[in-house]
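Enquirer: Got these off TrEMBL a minute ago, pasting:
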- A:Lys596: ATP binding site (BINDING)
- A:39-181: domain 'Methionyl/Leucyl tRNA synthetase' (DOMAIN)
- A:219-417: domain 'Leucyl-tRNA synthetase editing' (DOMAIN)
- A:431-620: domain 'Aminoacyl-tRNA synthetase class Ia' (DOMAIN)
- A:666-776: domain 'Methionyl/Valyl/Leucyl/Isoleucyl-tRNA synthetase anticodon-binding' (DOMAIN)
- A:593-597: motif ''KMSKS' region' (MOTIF)
Amino acid sequence: MPSYNHLEIEPKWQKEWETNKAGEAVESDADAVYHLIMFPYPSGAGLHVGHVESYTAMDILSRKARMQGKNVLFPIGYDAFGLPAENYAVKTGVHPADTTKKTMETFRRQMKAVGLSFDWSREIATCDPAYYRWTQWLFLLFYKNDLAYRAKAPVNWCDGCNTVLANEQVVDGACERCKTTVVQKDLEQWFFRITKYADRLLAGIDAVDWPERIKSMQRHWIGRSDGVEVEFRGLRAEMTGEKGTERVHEAEFSIPVFTTRVDTLFGVSYIVLAPEHPLVDVLTTEENRDAVVAYRDQARKKSELERTQLEKDKSGVFIGTYAKHPLTGEDIPIWISDYVLVNYGTGAVMGVPAHDERDFIFAQKYAQGVNEVVAPPAGMEHDFAAEAYTDDGILVNSGEFDGMTSTEAKNAIATAIESAGKGKRVVNYHLRDWLVSRQRYWGAPIPIVWCEACGAQPVEPKDLPVLLPRDVDFMPTGRSPLVDSVSFHDVSCPKCGAGARRESDTMDTFVDSSWYYLRYTDPHNDDVLAEPERIRRWCPVDLYLGGAEHAVLHLLYSRFFAYALHDLGYVDFEEPFLKLRNQGLILGPDGEKMSKSLGNVVNPDEVIEQYGADTIRLYEMFMGPLEDAKPWDTSGIVGIRRFLDKVWMTRERVGDAKDAELTCLVQKTIKKISDDIEALKFNTAISQLMICANALHEREVVPRGAYETFVTLLAPFAPHLAEEIWHDLGHAESAFAQSWPEYDAELAKDALVAIAVQVNGRLRATIELSPDLPEKDVRDRALATENVEKFTDGKEIAKVIFIQGRLINIVVK
RNA sequence: GCCGCGGUGGCGGAACUGGUAUACGCGCGGGACUCAAAAUCCCGUGCCUGCAAGGGCUUGAGGGUUCGAUUCCCUCCCGCGGCACCA
């Protein structure tokens, strides 16, 4: 059997590399590069083939970089806090710390079996007190700098997970993790003031080398919109005095509405408040109160999902009060409707049926006037009775602003509003502050103590970490065990010393992962989060590889952390990840997403057992472009193993031989592999390795130099086999002690190339010629070719296009 | 609806800056070795036509620019991912 024994050689070299600390980074500035993969959540399912894909890609990059003399930081750790381990504890009673320890061991074993050259000396786990002490320290830093605060707000509550969630963790109105429909609750919670950075986070996106998809998702999520807050004022009846002797007064009120289309201000026919708007109670007249209360109760019962998905159906109630138009003084009726969201803008909008689709639908239902104030440009027809005209145009029916374009009018009306003191230009964001507290156990405790007398008191940094108590009860009540742990929450106030209660909420696990890349630079430091010198040395991250599912979660939060730490003087950069790439999903052999229930999950352990680590590495890199989704194909693996066996067998025929053609091919291979690895085009790199291997294999005697160069090029991809062959060839040192081959353009030059000969752009022949042959000679040779003569004979040559070394095109009439 | 990405053989996929479309791998067909099979090795393999040389067609559809278009432009169709009552 002409095959190598992967079961023997792979563990052998893995052990050797471990002993030699082959992947460890050196603390030196020279040629320092930081390669980061998104650290895994150590799930019970073990390592997924998707992990293998991105880790292998980065391993190839890192191994090559080291061979080029670079000092590479390629660390690994575990995003180890989180809900699944806690839910498992509720179900089985096994402590999350034990579950997590076990799953981390499994991940570690599996990653080592893939032959990944991580710097294992820097391994971290977010659930380690030595780690989360700094997560807590960061919380305190933010707290002291007004970036962490507690507030009562309408928040997302998941009944399945029994905790609040950040906006980013609500997908289609449901919990991202357990799919339970999220309900709104008014609760006091901890927030990070990410909105303070909205503008800079938006601007910073332009500067980073990230996939356009992710960048546009972040821009969209931050959602900046520039507009005007316009005040609609009015008078309402107010009762004062003792019961029985009340008197009615006229009191002034003001409703600010936010609009991006202030050019349509003269088209307002009504105002709509969100049902939850605080002014609703105040402004509703007695005769309308019953209807308003009924509507509001009904709206409250609707989930966010229902309110946002029944887009076409608009409903509302008139509340009985009118406000004055700020420029015309006209009376404008005030309505409530659940198509207006309380937590965006001012929670109130102006209804302009002629120029807004939603307002148009609403106006039709409730017989509000459609006032055309923006006319379509000349030559364009629009039927205002049929639908709203939402594009820009020329102003009409707008007093002194008539004749202006929408753009001019936006500016002019905004100025008029401002100088009349009836509003101001404002910027609104979709981005909300980040809700970070969770009513769960398995996370980093929020380092705050509640004192009757002093209120919320931060824990002293010297008292960190606030340890998660191990000895707690996991009850299926849904309540965090921390709430009932007396030893945990009975403390004294850090300020006055009186009896106090520890905050029992923990932090969102996304807080843990927002700064882990900093810790890798100095993972064992007990005095500081990381030495500034080391952060400066390695950060920001040069290349970051991971899944696209974190587009607005981890990647946005981490950017916020970096900006905040920059402003507080802890880091000298703003953007943490200069270049980002996403690996595509690996689908099951059936083309579906791998899942337990479909039974199409491929276990890397089994592939490694049967074919070897080098085979799974090569196979996953060869499947297709890194960023594409691609189905697993078991028969494709066989082809990779055949290729590796071929390389192995070729070694037996190595000897002394001169072979100019092979030299040329090897040079081209050096060029192609080097370029392709940098461009993350591993599939085409491997294709070139195959072409080269096939050529080597064909030779009776394989020139030693060519073969050794080939093995060096193969090494980052198939490190075990390359190392085995390298030693088998008589070398004492590691294959990775080699420097990366240098490309020599002179040697790569072909003696002969196939020139395409076209007549009128159609291929009629190919001729073998020296690539340097001048046009005249190529032309003569081409015209003398039999099949070309056939198409040119008796015709006039109008033109000849010549591309040196590639083609000649004869244009005839 | 809006934003982003894509559509190439039987399959996964290649193709520099507009320059020989289908590299590489799988699969399939044929052959060698073998008592036989597996493994391995060699040859072939886009479609139509032809004994062959060759010819015609072909990168989702249609049009355009060009000596030449998978690549650039216009119109349209389909698929995937994201966002979506944000005023």
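Easy rule for this one: first residue shown is 1, then count along the chain.
Backbone N, Cα and C define each Cβ position, glycine as well.
Since we're looking at a predicted model, the values are computed, not measured.
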Enquirer: I'd like to know if the domain 'Methionyl/Valyl/Leucyl/Isoleucyl-tRNA synthetase anticodon-binding' (A:666-776) touches the domain 'Leucyl-tRNA synthetase editing' (A:219-417) in this structure, counting it as a touch only when three or more C-beta pairs sit under 8 Å and are separated by 6 or more positions.
Expert: no
Enquirer: Could you break down the residues of the domain 'Methionyl/Valyl/Leucyl/Isoleucyl-tRNA synthetase anticodon-binding' (A:666-776) into DSSP helix, strand and coil, giving a count for each?
Expert: 56 helix, 17 strand, 38 coil
Enquirer: Does the residue listed as 'ATP binding site' have same-chain partners at least 6 apart in sequence with Cβ under 8 Å from its own Cβ, and which are they?
Expert: A:Ala45
Enquirer: Please state whether DSSP places the residue listed as 'ATP binding site' in a helix, a strand or coil.
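Expert: DSSP call for the residue listed as 'ATP binding site': coil, neither helix nor strand.
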Enquirer: Per DSSP, how many helix, strand and coil residues does the domain 'Methionyl/Leucyl tRNA synthetase' (A:39-181) have?
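Expert: Across the domain 'Methionyl/Leucyl tRNA synthetase' (A:39-181), DSSP assigns the residues as follows: 69 helix, 26 strand, 48 coil.
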Enquirer: When the pLDDT values for the motif ''KMSKS' region' (A:593-597) are averaged, what is the result?
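Expert: Mean pLDDT for the motif ''KMSKS' region' (A:593-597): 83.
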